[in-house]
Structures are given as C-alpha cells and as structure tokens.
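Undergrad: First the structure, which I've put down as structure tokens, then a few questions once you've had a look.
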C-alpha cells in the first residue's frame, strides 16, 4: 500500500464511505418494516410502481425498497441482509462491480438491486455461469420475489420458444451468458416479429463477472449451418504433420502457442503436396490445413485440452475443467484434432450469425457484476466496459492464513511434497481441497494418493454431474477433494462439525495459474465468513508458467543453490518472481483483448445496422416506399457509373445501361437507345425510373396489395440474411489475412476498418440489386410464404484455441435449404430453378 493510500484510503474505501449514510437510513427503517403486516409489506411493490410512474426515480425509492426486501427476506428465507450486503447491493444498482469474498452471500445481495430495478417493468437479467446455478438461484430467490408480487423466469438450454418468451416476460430472469447471447442472435434471425423472445436489454447483473466478461470475453457466440467443403484434406495434412521432426522440420513457440515450419519443413511440404512454392497465395488452403495439423498434433494435448469420448473429440474448458459437450473449435482446428485421433472428421460449418460476449453485454442500458476477484482486472473493466470495481468489506475479519509459495526444482519432487502434506494433514482430520490445472494432473495426484491409502474424491470434467454435491461436502472432517481449477464454483463449502478445532479447510494449489485471479479464487474457497482456513501453493520450475514466463534470475538462483529434486525453497523473492510472471501474462492477454475489440467493433457497427434494418422490415407495415427508393438508387447509380460524358460513346454507354438493367428490372425493348440519346443524364434517370415504376405497379396488379407488401418483406428478409451470412465469412477471411499488412508498413486494424467498411457498402448495394431483381421476376403462382434461410438442428460451442490463448466460438448449428426444396421467395418453383440459380 502506497503512502497516499495509507493517508486517504483506497478508492474502494472512499466509495464505501459515501454509501454508508444510505445504509444507515435503510437500517433506521428496520423497526417500521418489522411492524408491517403481511399484506402491508406485500402492498409496497404496487406502491413503488405507482410512485415510479408518478415521476420518482429509482434512487428516490432505493432506501425504502431495500428495507422492504431485507424484511421480506428475513420472513421468507430466514436470511437478513448484513450491512455489507446492502453496500454490495447499492454498488450493483449504480452499475458497478461489487468485489465480495467467497461466502459473503452474493446470491442474496443480487435480490436488492434486482427488486428495485424490476419496479420499472422493463425486466432484469441475472447471468450465471451454468444452468445448475441459474435454476438453483431462481428457485431459491424466486420465493422472495413471488412473496413481493414479482414474477421470475429461468432460461436454460432445453426450453422451446413459448417457454423462453414467458421467461423473458418475467420481472426477473435468470440464465447463462450463452443462452442470453444466443437468444439475441436468434431474435435477429426470426421471420415473424412474434417469434422474438427477448425484450430490449435493460439491466443486467453478471454473477462471476470476471469469468464471463474477462475469461470468456473473446468467445464468439456463433450460429452456424453446414458447409460444403470435403474433409479428406484434413487426413492428408495430418499424415504430413506426423512425418515431421521437431526442431528440424518445425519449431514450437510456447509463448504464442504456435507451431511454425522451418525452411527444411517447407521443402518437405512442397514435395509432399507436389507444389512449387508453399508460400504462394494460391496455396493458402494447404498452408491453413498444415498449420492446423501441426497445432493439433504438437500443441493440443489429449486429456488436457480435449478428451476422446465415444469416438468424438470433446473440448475441456481451460477455466473450469468441465467437458464442453457439443462445442467445437472453429477454423478447422477441431477437424484437424479429429484426423489426429483417427475419429470421424465432421464437416466445417458456415457462420450465419455471431457476436462476442464483450459486445453483447455492452448493449445493456445498465450493466453490473459481482465476483470474489475483480480488482486485478480493474483497468480492463474500466477501459472496455466502463465499469469500476468497489471492494466490499467482509462481514467478519478474514481468519485464513495464506502461506508463502514453496518452490521445487522438478514437478515430481513437488507432487511428492504435496502428497506428504495431504497425508500429514489427513491424520488429524483437517479437510483438504487440492486444486490442479488439468484432468491429467488430477489423475496423477489421485494415483499417488491411492498408493498411500488416502481416501479422496476427484472432481474434474469426467464427473461434473456430481460437481455441486462433491464440493459441498469438501469441508467435512477427514475429506480430501481434488478439483480441476475452478470446478464447482458458485457452491459454498460449509465446514463440518469439529473442523474449526483442527484449523478449518486447507487449500493446496499444485500449480500457479497464469492469472492471479484464478489463484485467488482457489484460496477464497477457505476462510468464508470469518472461518479458520489455510492456503498454500506448491510450484516447480517445470510448471508451464515458470518455464515459459519465469525469470532467468530465479532459475540461476536455484542452480547456484544446487537444489536436489526433493529440496524446496520458500522466500519472498520467489513469490514476487511468480507474481511478476503472472502480471506479464495478464498484461499480454489484456493487450490481445483490446486489439480484438477494435476488430470486433467494426463488425459490431455493421451488425447493428443490419439488425436495425431487419427489425424495421419485421415491424413495418408498408415497405413500398423503401423498395421504390431501392429501384431509384439502382437506376441512378447505373446511369452515373455507365455514362462517361464522351459524346461519341453515348449510344454504347446507354446500350450498356439497358443490358445491365435487362436482367434486373427493365426488359429490353421497353425503350429505344435513340430515344434516350437525345436526353440529358437527369432525364435518362427519370425516364428509366418511371418505366420501372410502371412495371412494378403492373406486378402489384397480379397480386393483391397485401400480398405484394408481404412479398416485399419475404424477399428483402431472405436477401438480407443471405448477403449478411456471406459478408460474415468474408470479414472473417479478411481478419485472418490482415495481420500480414504489418509487413507492408500498414496498420492492420486500420486496414481492416477501411476494407471492412468498403465490403459492407458493397454488400448493401448488392442487397438492393438482388431484392429488386427478385421482386421484378417473381411469378404470381401462390401466396408468398416466409421461410427461414436455415433451420436450427444442434448446438455447437468451442473452447480455447491453441493459437493464442483465445477462447473459441460457442456455436449453434443450423441446416441449409436443399436444392430441390420449394424456394422461400414464394414463387412456387424449386430453389435450384429460382433464387438458388443466382445464389
């Protein structure tokens, strides 16, 4: 702590001081609230709603509303909010992040701002990390809200559309970040406005906010359809990768987590693939497949990054150690791993809609969050989300002892020491929770403990069904629990009888994570609500963090001391070296996320424009003016771009205009070149536009006026959706190749912004051309029907990419229209003979 902080207190101390007077006012209402009858207390909600409608603000109502929730909670749940919990609730209502230590009752804290903000009738979303917690919190806290006359809903994976609409219509809706994000994307793919499920995004409380807004910030949510590419080439590239020798044919850069061919490797590739120049842009696909095959074979580790289960490759979440069933790595990496493991290689998919969590959560009118560990990422929360972090004081002083790290030379020496520590601790009945970084390490430790005859439970991706159950017993006397990373987060570990007498829960970390926050989360499992507890990390110089990012100074010191495998050192220098290594990685990851958001912002602005236009099409009763505007733009642009201004070329220019418009909206023969050649440019535009309008009026007579309006909607929706999907793919390709611009002294992000903008404008022009073309060619054979461009069939989600510590896309899969299906434009023809011909 610096001198200024000692004198003035930290930022959080000062913010908490400002909130204390409000807490005192809420406290002062305690007696009068207790005196209210059941009916009087319940009637308060209707009173608050009326006062809000009459012009009072939520801040005006805060003191009374919080006091009402506190009293109702005491009566219904038997839990009365502590002063510290009220401070946390006020911070959340203000649209900030409450950092509250584990066991301080975050679930109860959220009831205060949720109730207050639900008074507006605009809905409150409470976001949790998994379906189990969403259901648990909704059922538990729902009793309180229902008592006070508010409705609650929960969004879980297997709900149908009607159930989702009901859940979102509730005053307070619980659910996971994935479900909220997917519903937003799906709402922007509907073909009838009645199919939408979400209301406008009003107020959101994100539980475990660091996990969702930092760890998963770069995870794109993707809804995808099946691609057409063959999967055979993955096997060809896999055979090539398996022939290579490390260091000679390729090198591995562990800091960026990438594998690169050497000159010798490039020569081998040219021979193997029968090509002259591996680096030639024509061979981009070969480079891509080879790069993914190298990644799959030499960077992705089985039982750490993924598991093979029932002949399928299943991703393991690096943050929680859970299996991510049905999720897939994008960009062909999943197929490359399938080829490596010899299981069926599935087809790549085509992206239909996508958004990152960063951009989804920034759309809420007010965003807030709570977690036990946010302060280390305070700068990122402030810069990217405009959220500040306020550390809430604990209800009772923390009694946990955090011992300094112990460092061993080798990993084996470290694990031997961990086992000895567990055996000794277990003798006196003190419960132990051991944190590991992977399934592989959990199982290694488990086998070592079995040899010593120590009874224990293993909690990792293989058994996550019993996760909450196992973790809730971890504080009982004599229990030894091994847990991967942050598995079981959100479930309290309560101490069993007699455990306080033997020192409380003991936490042993078997490796430092690259993020200090995740280490702090593991520590925070012990010593909840002033309980006794103890934590210590065991580290070896062979651990990934120390090997890749550790300082040479530390390694040299260990060499000089001549440490044996089983010898250990414990010093402040070691702890600070570890912390510096972690800061290095955190800083690096923050920079990557900042750069990526610059890229993503380009796509985000474009997405907003397209979704806004789509929404107007769904909502609008009459698109006729918009369609006529498109016809006008199209004709005016055609004239401007074709007429050169050279008199001798005028007739051939007009000929070219008529040829161009013939396929779109003006059949040849409707006007002669000679007639137009006598006119000025403006007169030509007006003449062609009036002719096109006449044809369109006649087209309207073939249908009824209502049918024509519906037809306009059907075709415009279809064209916008198809062009937008293609544009998403094009932007993804642009992003993948843009990094090379740095070699041309170009700023890649600027180049991406400019070229992405040009591509978007081109797409908008193409939407106009295609829409007008379809409308002028459609036949009056049957009433127009809206159909989806794709149908949703399964869910796909991907975890962390081997390439650069980034999280990979959450995917949901959808099916394309078959060539022989009826065309969705309503013509009555087969898709291949109608719109499919031009697709």
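A Cβ is built for glycine as well, from the same backbone N, Cα and C atoms used for every other residue.
Per Swiss-Prot, the features are:
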type: BINDING; residues: 85, 103, 104, 105, 106, 107, 492; note: ATP binding site
type: BINDING; residues: 823, 825, 834, 835; note: Zn(2+) binding site
type: REGION; residues: 794-820; note: region 'Disordered'
Undergrad: Please report the DSSP secondary structure of residue 105 (ATP binding site), reduced to three states.
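TA: SS state of residue 105 (ATP binding site) = coil.
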Undergrad: Please work out the number of neighbouring Cβ atoms within 10 Å of the Cβ of residue 105 (ATP binding site), leaving out its own Cβ.
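TA: A count of 19.
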Undergrad: Once the DSSP letters are reduced so that anything not helix or strand counts as coil, what is residue 85 (ATP binding site)?
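TA: Its secondary structure by DSSP: helix.
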Undergrad: Can you check what DSSP calls residue 492 (ATP binding site), collapsed to helix, strand or coil?
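TA: In the DSSP reduction, residue 492 (ATP binding site) maps to coil.
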Undergrad: When you measure from the Cβ of residue 85 (ATP binding site), which residues in the chain that are at least 6 apart have a Cβ under 8 Å away?
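TA: Set apart from residue 85 (ATP binding site) by at least 6 residues yet with Cβ under 8 Å, we have 104, 105, 108, 109, 112, 395.
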Undergrad: Could you tell me the maximum Cα-Cα distance in Å between the residues recorded as binding ATP, namely 85, 103, 104, 105, 106, 107, 492, rounded to a whole number?
TA: 17
Undergrad: Please work out the number of neighbouring Cβ atoms within 10 Å of the Cβ of residue 492 (ATP binding site), leaving out its own Cβ.
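TA: Its Cβ has 16 other Cβ atoms within 10 Å.
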Undergrad: Starting from the Cβ centroid of 85, 103, 104, 105, 106, 107, 492, which together make up the recorded ATP site, report each further residue of the same chain whose Cβ lies within 8 Å of that point, ordered by sequence.
TA: 100, 102, 108, 109
Undergrad: For a quick check of understanding: among the binding-site residues 106, 107, which residue's Cβ has the most other Cβ atoms within 10 Å?
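TA: Result for the most crowded candidate: 106.
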